[in-house]
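Below is one structure, written out as structure tokens; comments come after it.
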Amino acid sequence: MKLLVVNGPNLNMLGKRDRNVYGNFTYDDLVRMIEDWAKRNGVEVEVFQSNHEGEIIDRLHRLDFDGLVINPGAFTHYSYAIRDALEIVKVPKVEVHISNIHGREEFRRKSVTAEVCDGQISGLGAYGYILALEYVRKVSSESSK
């Protein structure tokens, strides 16, 4: 089983961004946490990050994964192109946000991408990724039986 984690713009700057909102952990810490989880669970995982919409769409279009966790970053709020690419992806998928987007500025409260995902986890910090990975792993393994 292969799971894909996609991180959008500015997530590579974790640890340097507003620590009151995003915490003290770095992007490398996040990747390490995800890779450790994958190793403990016997799952192959790829962590992909891009600040460019087209690169994210191209990665999704490869369709070479069994489950998806995506943090579209700011693209969450307006990228109908990523939304359409997600709609093509027919595997379990969860949108994740480190901060609680529903408790922040008005423009951050709308997600155009969540409606084409199985669900959304928001505001649980880096732990939200683990919850999302657990879900996509479980649902992917059940659907492959």
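Even glycines carry a Cβ here, placed using N, Cα and C.
What Swiss-Prot lists as site 'Transition state stabilizer' is Arg17. The active site, proton acceptor feature in Swiss-Prot is assigned to Tyr22; the stated evidence is sequence analysis. Here Swiss-Prot flags Asn71, His77, Asp84, Ile98, Ser99, Arg108 as substrate binding site, drawing on sequence analysis. Taken from Swiss-Prot, the feature active site, proton donor applies to His97, supported by sequence analysis.
Nearest by CA distance to the residue listed as 'active site, proton donor', out of the recorded positions Arg17, His77, Asp84, is His77. Figure note: comparing Cβ neighbours within 10 Å for the recorded positions Arg17, His77, His97, the maximum is reached by His97.
Listed binding-site residues: Asn71, Ser99; maximum Cβ neighbour count within 10 Å falls on Asn71. Under the three-state DSSP scheme, Ile98 (substrate binding site) falls in the coil class. You'll find the Cα of Asn71 (substrate binding site) roughly 16 Å from the Cα of Arg17 (site 'Transition state stabilizer'). According to DSSP, Asn71 (substrate binding site) sits within a strand segment.
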